[in-house]
Structures are given as structure tokens and as C-alpha cells.
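Participant: Just dropping this structure here.
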Amino acid sequence: LTGVLDDCLCDIESIDDFNTFKIFPKIQKLQERDYFRYYKVNLKRPCPFWADDGHCSIKDCHVEPCPESKIPVGIKAGSSNKYSKAANNSKELEDCEQANKLGAVNSTLSNQSKEAFIDWARYDDSQDHFCELDDERSPDAQYVDLLLNPERYTGYKGPSAWRVWNSIYEENCFKPRSVYRPLNPLAPSRVYLSFSWTGLCLEKRVFYKLISGLHASINLHLCANYLLEETWGKPRWGPNVKEFTRRFDPIETKGEGPRRLKNLYFLYLIELRALSKVAPYFERSVVDLYTGNGHEDAESKALLLDIFRDTKSFHMHFDEKSMFAGDKKGAKSLKEEFRLHFKNISRIMDCVGCDKCRLWGKLQTQGLGTALKILFSEKEIQSLPENSPSKGFQLTRQEIVALINAFGR
């Protein structure tokens, strides 16, 4: 891929250089920190749109929850506990199933992080969301260690997976007329037309590109971390070039593949823009990435602020001011349509049959929803008080974790 992206003044080479040498190494470090590695998710919410018949039948595609005795005291108890500085203890790994099988979610939690969870909850506050948020108080919601549950190919495919993406594109996405649908590669009569944005305003083009970019990102991770073989019950993951070619090669996809990858760059720019815009929220002394370990918390915040400085130094940001800039009434209804479409997509993620795919789908959707919330809250962010909690704009810990990890993907 080379050249300038549509709807931007930015070229692909500049993004590659900026990401490879400045952003990616720091984001990787940040994702390994306690504050950012634990994500609370409810993987048992029923699919709101159709009978949930597509649940993954692959071995261990379900979650094996930790036994009651192993659930951190900080989650179970309503009282705040003194933070444990015990070193990371791997004995619990024996009690919970490890993530060495296909789709199983490893819900083991380290001792070091146990008692901080209850305190994180008090930083969380309800807002006008772009996403359907999980109820964190639900008995089905559980903390997952993202480092123990990497996004990779789990064997989840076929009609159930296609139905999720078809529903997203057909019913919840503004799309160019010529993009071939449905996505089911076994469907008869494949028809490709010349690509045209005719009739789609900037906002609707942006929405389509974000969803397409998210789809490309997920597919890239599946191709890069694919189950290559399983011998003696031990799986081996690695890059699957053939699968990558099938999904992205210009000839195999009739020119659609490179456009999908360009949409991934576009998604990157949107989330990068959101990070640069939300910097003032985190620069205030009143905001703390709280885990209970003062030294680590200070280091995490310093690293995050360093990343914000880098994002601001990038000189070819996407300009979101051109969005929703028409007459006030039309802009307001379009923004609401945007929000409701996106909220629906976040609900569709509860229809994903494989738990690990559902985990990463929900996290990345919430991350993008958080980015959109930031971009549409610029005035509120600029007028935040320095030394008191924000009233006009607030991010929950869940949103912060999702934003950073989605951008990290």
C-alpha cells in the first residue's frame, strides 16, 4: 500500500513510520501494565437479534471460570482492601484452564492485581455512550487478563460468523453501493460492480470505513496468529500467508482487499486523533490510573502522557471538524443516527459464538465507541476543571482500557 488516503491529507508511508518508530513500542509497554491488561466483560449476554444457535462447538471455545475460592477478594467483597504487593504468583494458573487451547478464555487473575478492582469501580461513571455497555455488577461479568487471552484464530467460521458481519454491514452500516454482499464466500452469483461513493456524505463514508477498518484489523490478527497445526494435542500458531492472500490480495478480492487495508489506516487515524484530543482529560493531576501501587501508577501515567505528546506531534491528523458541520438540525439528527447505528453494532457483538472472538470484538468496538465519544466532546474536554472531578465529560476505567487496547490492536 502506498499513497494518500481518501478523506485525509495523510499518506500511508508517514503513518507507517510514525507508528513503527514512535507509537507502537510505547503502546505495547502500556498494554502490559496492570491498569490496562484487565478488562471486565460479560460473555454470557444473550444475542438480542436472533436465536443463539451458532455457539462455538469447537473444543474449549467456552469460558472456564475460576473456582469461587480463586475469585479475588476485592471483587467479591464490598469493602476496600489494602493493596497486595505480593509478586505475581503463577500457582493459580494450575487451578484455572490456561489459554493454550483454541477458543477458551483464560480467566486467571494474578495476586498482584486482586484487590485493586473494587477501587477501580469508584472511578467509573455513566455517560452518553456510543456503545451498549456491559453491566459490570452482573454476576456474569468477569475480569479477563488480556495478556493471557491473545486475539487469534480459534477455528470460529462459517454461517454463524458470516451472519454477524452481514448483519453489521447490511442493517447497521452506511455502505457504498458497489461493495459485494453478502460476505458468505459460498453464496451463489458473485457480482462485483465498480466502486462508487455516490450519494454518501462524508459522515456516512467515515462510518463505513471505520467498520471496514475494524473488520480488516480483526481479520489481520486471525491471519497473523493462525492455528497452523495441532500435534499431540499441542497447537502451534503462526502467520498464514494463504489466508491473508484470500482476504486481502487485489486479484483474489477483485480490488477490494487493498481498500479494506486502507480503511484500517483510516481507523488508526481516527483513534489517533481521539488520543490527541483526550490528552487534557488525563493531564490533570486529579486523574490517576489507580491500581493501588503508587509507583506503578505514576509510571503508567507518565508513559500515557508521553504517548499523548507523540500523538500531538503527528502533523497529518484527520480533521473531524468537517463532520456534522451542516445545518444544526440536520447535523444533530445525523450524529444521533451515527450513535444509534454504532450502538447496535456493539450489541451484535453479543451474537458472536466464540468467546475469545466475542471478547476482542466487544473490546475493540467499545474502544472505537470511546474514540467517537471523545471526538464529539471536544468543548466539554476543553472546559474541564483542573482540580475537581469532571461533570461534562467522564471516561470510565472500562472505556480507557478499551480505547488503549483497541488502538494497540
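The first residue you see is number 1, and the count goes up from there.
Every residue, even glycine, has its Cβ placed from backbone N, Cα and C.
All TrEMBL annotations are machine predictions without curation.
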Participant: Just confirming the record: what cysteine out of CYS351, CYS357 does TrEMBL connect to CYS354 via a disulfide?
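Facilitator: As annotated by TrEMBL, the paired cysteine is CYS357.
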Participant: Name the residue among the recorded positions CYS354, CYS357 whose Cβ has the smallest number of other Cβ atoms within 10 Å.
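Facilitator: Across CYS354, CYS357, these recorded positions, the one with fewest Cβ atoms within 10 Å is CYS357.
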Participant: So if I draw a 10 Å sphere around the Cβ of THR154 (FAD binding site), how many other Cβ atoms end up inside it?
Facilitator: 23
Participant: Output, ordered by sequence, the same-chain residues six or more apart from ARG247 (FAD binding site) with a CB under 8 Å from its CB, or 'none'.
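Facilitator: Correct list: ASN219, CYS223, THR253, GLY257, ARG260.
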Participant: Just checking a number: largest C-alpha distance across ARG152, THR154, TRP165, SER212, HIS215, ARG247 for the FAD site, rounded to a whole Å.
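Facilitator: It comes out at 21 Å between the most distant Cα atoms.
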Participant: Far apart in sequence but close in space: which same-chain residues, 6 or more away, have a Cβ under 8 Å from SER212 (FAD binding site)?
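Facilitator: Non-local contacts for SER212 (FAD binding site): ARG259, ARG260, ASN263.
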Participant: Taking the Cα atoms as reference points, how far is HIS215 (FAD binding site) from CYS354 (active site, nucleophile) in Å?
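Facilitator: Pair distance, Cα basis, whole Å: 16 Å.
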